[in-house]
Amino acid sequence: MAARLLLRSLRVLKARSAPRPPPSARCSHSGAEARLETPSAKKLTDVGIRRIFSSEHDIFRESVRKFFQEEVIPHHTEWEKAGEVSREVWEKAGKQGLLGINIAEKHGGIGGDLLSTAVTWEEQAYSNCTGPGFSLHSDIVMPYIANYGTKEQIEKFIPQMTAGKCIGAIAMTEPGAGSDLQGVRTNAKRSGSDWILNGSKVFITNGWLSDLVIVVAVTNREARSPAHGISLFLVENGMKGFIKGRKLHKMGMKAQDTAELFFEDVRLPANALLGEENKGFYYLMQELPQERLLIAELAISACEFMFEETRNYVKQRKAFGKTVAHIQTVQHKLAELKTHICVTRAFVDSCLQLHETKRLDSGSASMAKYWASELQNSVAYECVQLHGGWGYMWEYPIAKAYVDARVQPIYGGTNEIMKELIARQIVSDS
């Protein structure tokens, strides 16, 4: 890991040397009182010490955890009502070095390793705050620019994105094209040296707050297949004809801004093209495994959070003259949950290590995303059940975790598509 990342973490820890808040403060956004604090992230569900992280990662984790405790959790309820987080928290995240961690320093990023990035994914999940779209911005959008952008594009956008002053989004999904990227209808046509962009996108995370959107568009309808006629464009907020529609009111992830985007004869200069013309589908296929690994990591970390919340609850809740935790059926359910979570954590950690060394393939990433997101929904269901009626109350974190989980098997490619990709690799002759 880069020395810059470690030094920044040490500075933040020194500056924030105040005592750790009492247990209830960790979940103060929920309204529930006297809830035990989630244990150290290294020992969630008693799996023992995870061996993929170094002492530097542990130091960094402490600073990330403090950030979410102090800058995110206290404001999350307010953000849920607004349907968006504040721009201020983006800039604070930038100052703390939480954005663009895995982007090389030469490109304006932090220069940390993938596991440092994973620390931020985990800690956000452990905070039970899904509002800030930091991971999409840093680990889905920024890699496209860093990997396929020109020197000018990198220098213009990456430093501002790392600072949290330019919020990024990526616009793939359309009203009639979700997991089927080859069904995209948004198009860009040449006009001299410029491009004219028309179409619409939907369900775009960070869409409302975005300053920069990577737009997937058809540039060659005569290509031998739709995959050979797609390009990526950098569209900046304020461009004439670029219209942000309404913020969408979702079932879960209520603090995360999600929007419709419309493009009506948006004139784009030649340098708005990201990468090569008609290579967009190839770029998407190269980057989607990381997106799916991200979803898997968020999913298993959410499972760990929900398990700890539930274990703490049943150890305190009394029924039939004893704590619920001492009822055999509850113990068996906890045993099942813990086993499933620990086994899945081992697989996701293995995928993280593979991806750190550039060896994670599409099939493995798809398996991780499919399995972990399905488990997340299963764990959410069982944990709400173990909370009884209180689990249905919004003031309890488990209720929010339940509705936030539902989208995980849908975005990033539905789990039905994940099975197709896994099966394709299994039966392939190569």
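Each residue, glycine too, has its Cβ placed from N, Cα and C.
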Where Swiss-Prot shows Ala227, His228, Tyr282, Pro289, Gln290, Glu291, Arg292, Gly412, Gly413 binding substrate, which of Ser179, Ser350, Ser373 is named for the same site?
Ser179
Position flagged as N6-acetyllysine [Swiss-Prot], chosen from Lys42, Lys106, Lys333:
Lys42
For the candidates Lys43, Lys66, Lys189, I need the one that Swiss-Prot annotates as N6-acetyllysine.
Lys66
Which residue, chosen from Lys156, Lys244, Lys254, is annotated N6-succinyllysine in Swiss-Prot?
Lys254
From Ser55, Ser63, Ser364, name the one Swiss-Prot lists as phosphoserine.
Ser55
For the set Lys95, Lys247, Lys315, say which residue Swiss-Prot annotates with N6-acetyllysine.
Lys95
To the nearest whole angstrom, what is the C-alpha distance linking Gln385 (FAD binding site) and Lys95 (N6-acetyllysine)?
41
With every protein chain in view, how many other Cβ atoms are within 10 Å of the Cβ of Lys240 (N6-succinyllysine)?
9
Where the distance is taken from Cα to Cα, which of the recorded positions Ile170, His228, Glu291 turns out closest to Lys279 (N6-succinyllysine)?
His228
Determine the C-alpha span of the substrate site listed in the record, that is the greatest distance between any two of Ser179, Ala227, His228, Tyr282, Pro289, Gln290, Glu291, Arg292, Gly412, Gly413, in Å to the nearest whole number.
23
